[in-house]
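What TrEMBL says about this protein:
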type	residues	note
DOMAIN	63-336	domain 'NADH:quinone oxidoreductase/Mrp antiporter transmembrane'
TRANSMEM	17-35	transmembrane segment
TRANSMEM	42-59	transmembrane segment
TRANSMEM	65-84	transmembrane segment
TRANSMEM	96-116	transmembrane segment
TRANSMEM	136-157	transmembrane segment
TRANSMEM	164-185	transmembrane segment
TRANSMEM	197-215	transmembrane segment
TRANSMEM	222-245	transmembrane segment
TRANSMEM	251-274	transmembrane segment
TRANSMEM	286-307	transmembrane segment
TRANSMEM	327-348	transmembrane segment
């Protein structure tokens, strides 16, 4: 509770969110460097360095035009990661989906930025009046909704995650999705109407995503779809524009960034052992690789919002805000929270228990896997104890 209150107070400062997300970015990139020994290491290092620099500039710039430029330029090194170090031939169409969805959705935002910059002779949002027309506001946030992503505009996310290397999946889930949340935070002060329709679509989409997770047979696809469900909380919290909802959204983004990055890395360890992500072949981890099962259990608990995890406090803050908004929205929020717990239990039980069909032993593991897995779980435990 102390951490949640501190983060809520920090939201009063303009660049507080940028500072929190910068700390998350630095930690994730440190783990990314440890987690993979790629082919063409020099090219890989250059791509990671460019991506880290662009994200750093995105979270520190005050100009909205600068934010937009760095926001879109971060696509280039991400696509280079998918194309250059992806595993399957389908990485090319996955990159096309990623590029098409993000660029097309950002064009209305570009026109709005140019129009309002010329109107107010400044690209600083503090000098802009509210976007009086509800349609203009929806077009302005469309780029951020697709980046998070909102359901119905999420097709690029599972494809990009499945085809990306482990570091690409880690940076996509932990950092790039948070760019959309940070963008919503920047423009929420321009909202002059209650976007009930967008809120309803977000929550219904979150419930649908949870149901899709329960039908997945691929470990990585399930983790990717779970991001859509968790980001539905963030979208609705941002659109409510309240103190408690803002605290809820930053807690959810930090917790999801660390949890999803760790889950993708553990799924990568599965893949290096059996060269498959199917639940049929990744069963009985608890007997074949107990240490991996311990990290898998811990991250699953944090992901499903068990107390006293950050997700738990985030959902509590979220419920405080949503009950003041609408009872039907509160019902959808409860359903989303319940089904989120269901797919987390499904993810853990399907991989950790049952009879293994894989004959070879998984007991060979390295110190690097210990370190990378621990650097995901230990920060979550430390944040709880603060």
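Each residue, glycine too, has its Cβ placed from N, Cα and C.
Heads up, TrEMBL stuff is auto-annotated, nobody curated it.
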Practice item. Report, as numbers and ranges, every residue of the chain located at least six residues beyond the transmembrane segment (222-245) whose Cβ falls under 8 Å of a Cβ in that stretch; write 'none' if there are none. Key: 8, 11, 145, 148-151, 154, 157-158, 161-162, 169, 173, 177, 180-181, 184-185, 188-189, 191, 195, 198-199, 202-203, 205-207, 209-210, 212-213, 216, 252-253, 256, 260, 263-264, 267, 303, 314-315, 317-318, 320-322, 324-325, 329, 333, 336, 339-340, 343-344, 346-347
Point to revise | Per Cβ pairs under 8 Å, the stretch of 136-157, 197-215, 251-274 packing most closely against the transmembrane segment (327-348) | key: 197-215
Check your understanding: Ranking 65-84, 136-157, 197-215, 251-274 by Cβ pairs under 8 Å to the transmembrane segment (17-35), which is first?
Key -> 251-274
Point to revise | Selection from 65-84, 136-157, 164-185, 251-274, the stretch that has most Cβ pairs under 8 A to the transmembrane segment (197-215) | key: 136-157
Practice item. Return yes if the transmembrane segment (164-185) and the transmembrane segment (136-157) have at least 3 CB pairs under 8 Å (sequence gap of 6 or more), otherwise no. Key: yes
Study note, to complete from the structure: Under 8 Å Cβ-Cβ from the transmembrane segment (42-59), and at least six residues away from its ends along the same chain, one finds 17-19, 21-22, 25, 29, 32-33, 66-67, 70-71, 73-74, 76-78, 80-81, 84-85, 167, 171, 175, 179, 182
